[in-house]
Each structure stands twice: as C-alpha cells, then as structure tokens.
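For reference, the structure is listed below as structure tokens.
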Ligand code: HGY
Ligand code: MN
Ligand code: MN
C-alpha cells in the first residue's frame, strides 16, 4: 500500500488531554494510577473510553473476556481490520501511560483520520485488552492470551485474586462480560504503541523504538513450608524458618540472572510470609520469581538452575517446597513487514529511532502468534515504569502516535 505523506500527523494536544482525562480515573496516592483490572475504577475507565469511541463514530464490541473492540469502518467491509491497542488496567502503584498510551494513541489515530476525512480500505479497530498487568489475577496478558488460544476461557475465569475473588465473577460484577466469543475476531495486522518502560531510548536520545523482539518470561510461584515457632525461645538449631529459605532463594534468583548476562533479568517482586507476626518464625512463605531473557536457552537455563538450587536450600533448612509456573511465554520475534512499516514511518516523519527488544511483556506478544504484529515505543523519563512517578513528554507521546498512524494507514490502505 502507498505510504502516507510525511505531513500526516495526529493532534498532540488532544492526545495529551485525553491521557490526562483518563488519568483522573482510579488515581493513585502519588500522582499515578491504581486502576486494577475488574475493579470499579477499571469499569469507569472502560465507560469513559467507550464514550470517546462512540463520539468518534466507532461501533463497540466486547468479548466474553471483556476485551473491548471499537471499529471504524473501511471502504471494504469484508477486508480484515487492522487492530491497534493495548491495555487500560494499571499496576496498584502504576503510571499514567503504561498501556494507556497504546489504547488512547489508537483512539487518536481514529480521531485524526476523522478530522482529515481519510477513509481506509481495511477497517480499523481500537482494542482494550483485559488484565494485561497480571497483578490482581495472574498471569499477565491473560485475556489476550485467551484470545490467542494460549489459555482456555474457563481456566482464565477461574483465576482468583488475593481475596479469593474469581476473575469470571468480577468481570460479570462490573458488567463487562461481552457476548462475543473470545478469539473469533480475525485480524489483518496488530500494532501496539507502548512506553519503553526502560532507560535505553532516553539514554540513546531516540524518539522512537522499533520493537523487533520481546523477551521471554517465566513466573514461578514458590511455596515454602516450615514451622511457626517463637522467635525468642526457640533455639537456632530447632528452627524450620520459611522466611530464611525465601531470603536465600531470592538472593539465588539475583545471582543466577547475573550469571546469565548479558540480556537476562531476575527478581522476586511479590512475597508473603505467614503468619507475618513480629515474634513468630515464619512457618510459610509464598513468593513469585520473575525471570526474563530474549534468549530461550538462557531463559530455560535460569529456571532449571533456580529449581535445583531452591530444592537444595529447602533441604538444607528442612523446608517443604513447591514451585508452580504461573506465567510463561517464549521470546518473541515480531513480523518483519509490520516492523518495517514502523521503521519506515519513523524515518519518513523525521523521528530519531533505533531497533529495540522489549523488556516488558505486552499483549502484542500473544497476538503475534496469530497475526502479523509489531510494536512502536516511546521513551519514558529515567526508564521508570510500574511506579507512580512514571513520566513521558507530550512530544514523545505524539511521535509514537504519529508513527502508529502512519503504520496503520499504510497497512490499512487509503481508499481511492
Ligand atoms: O510484566 C510485564 O512485563 C507487563 O508489564 N505486564
Ligand atoms: Mn503495559
Ligand atoms: Mn505494566
């Protein structure tokens, strides 16, 4: 398809104002957002997004996992749509842009095409994927994973949060369980705009990241079982301390990731000890390990080495241990054609750009298994994300949305 003219641009002020309006929904306590999936705040954000899409002339569809699809007609109704989008749910101490820039950047593409009276051949659909973050209900990218056939809908709907609430019940409670069968929609291509969530683009002074690959991931939930006992009167040699086991395994996670450098990361982000009382030796510890690498062999090796070492640590301390994989995807190679559309758009628009591997997981990682997919990234201040202080500039947001607009228009084709 013919490439758009370099003067085809989005409206930066409108995009920024829309981002700030969405940020008012489910505010955090330090300037960011706490709009966790399937909460009332998530529902409020969904209604706000749906209202904007209706005003932009889109027809909304919602599937049985709550994924939202706002469709702008093309001149060929039978042509498979070009999808754009990301997620509106946030971390509990999330930023205003992680995911949200991709959904509202997609809406800005529609609004700009409407302003310019441009009709595309293929329809365009803006998407909000349910539960990308995987914080309240593991794993991450849950609903796009069901859409891509990686999980069954029943398994996904049986996931429970820390309070024992079921995903399926919460989706129904907030009124966003749609009537479309998840996964039935077919795509011509999928593009996701996202903040980098790392320091590379800013450090390299680049406005655009052309995402060629994505890291693979393992989330391993470890449960250690020891014995509750008095922290004062129990002799050291009689203790069966699950908290000590967790500390040793947490250190091992860091060391194993360092042993697999370059391009490997590992940490424990979620940890609970029980009974969590100041003067009780923890008889139980439950925590999640997050290993990632763009290199499948390294990803596998880190998991194998950790499992062997954790078993030994547990044995040394007399602890029971279970390790349950609660999230996984292999490293991702995005579609060459879609990646080229993004790189050429950045070039045409005069934006500095570089190829980059995504450190974070995204819905695009699953959709890429089904349809031609690619991502465009913009920098974020100090590479900070999953933190309420997450920040980007209006210029970075606009550059990313301009590139998204061009990639979409080129792929959807401007109607004659
Ligand atoms: O965990 C991730 O990479 C994503 O932010 N859900
Ligand atoms: Mn995200
Ligand atoms: Mn995130």
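Using the three backbone atoms N, Cα and C, a Cβ is placed for every residue, glycine included.
TrEMBL labels come from automatic prediction, so no person has curated them.
Quick caveat, the model's predicted, so the values are computed rather than measured.
Among 78, 98, the residue that TrEMBL places alongside 87, 194 at the Zn(2+) 1 binding site is 98. TrEMBL names 98, 386 as Zn(2+) 2 ligands; from the candidate set 44, 133, 336, 347, the record adds 133 to that same site. With the fewest other Cβ atoms inside 10 Å of its Cβ, the least crowded of the binding-site residues 98, 133 in this structure is 133. For the Zn(2+) 1 site, the Cβ centre of 87, 98, 194 serves as reference, and the other residues of the chain with Cβ at most 8 Å from it are 86, 97, 99, 100, 101, 102, 132, 195, 360, 362. Listed in sequence order, the residues 90, 91, 94, 95, 99, 132, 135, 197, 360, 385 complete the 8 Å Cβ shell around the Zn(2+) 2 site centroid, once 98, 133, 386 themselves are left out.
Ranking the binding-site residues 87, 194, 386 by other CB atoms within 10 A of the CB puts 386 at the bottom.
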